[in-house]
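These notes are about the structure you will find just below.
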Amino acid sequence: MKTFVLLSALVLLAFQVQADPIHKTDEETNTEEQPGEEDQAVSISFGGQEGSALHEELSKKLICYCRIRGCKRRERVFGTCRNLFLTFVFCCS
């Protein structure tokens, strides 16, 4: 039983290392964007003064992580992440 618990903890730790952080794209970070099939270009256009303010707010870059337990204080849930048979919480700030 102790061996099973230890092996389970090691597997979860390995998944956490692979899943956290997934994607860092902020001016403050110096990591490169990872190219891949997940990259999608989205174009959003709004009209009027209210639309331009909304566009500025939406165009800010997010820092996202897959977390095991839940999001931290300043993060919000944006969905889920899957790695084999485990499901994580996708948190962005």
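Cβ atoms here come from the backbone N, Cα and C positions, even for glycine.
Keep in mind it's a predicted model, so treat the numbers as computed, not measured.
Annotation source Swiss-Prot lists signal peptide at 1-19, citing sequence analysis.
Long-range Cβ contacts of CYS92 (disulfide bond) within its own chain (separation 6+, distance under 8 Å): LEU62, ILE63, CYS64, TYR65, GLU75, ARG76, PHE78. Annotation source Swiss-Prot lists disulfide bond at CYS64-CYS92 (among others), citing similarity to another entry.
According to Swiss-Prot, the disulfide bond annotation covers CYS66-CYS81 (among others), on the basis of similarity to another entry.
DSSP assigns CYS71 (disulfide bond) to coil in the three-state reduction, outside any helix or strand. Around CYS71 (disulfide bond), the C-beta neighbours below 8 angstroms that are at least 6 residues distant in the chain are VAL77, VAL89, CYS91. What Swiss-Prot lists as disulfide bond is CYS71-CYS91 (among others), and the listing cites similarity to another entry.
Highest Cβ count within 10 Å among the disulfide-bonded residues CYS64, CYS66: CYS66. All protein chains shown were included, and the count of other CB atoms within 10 Å of the CB of CYS81 (disulfide bond) stands at 20. Within 10 Å of the C-beta atom of CYS91 (disulfide bond) sit 23 other C-beta atoms, taking all shown protein chains into account.
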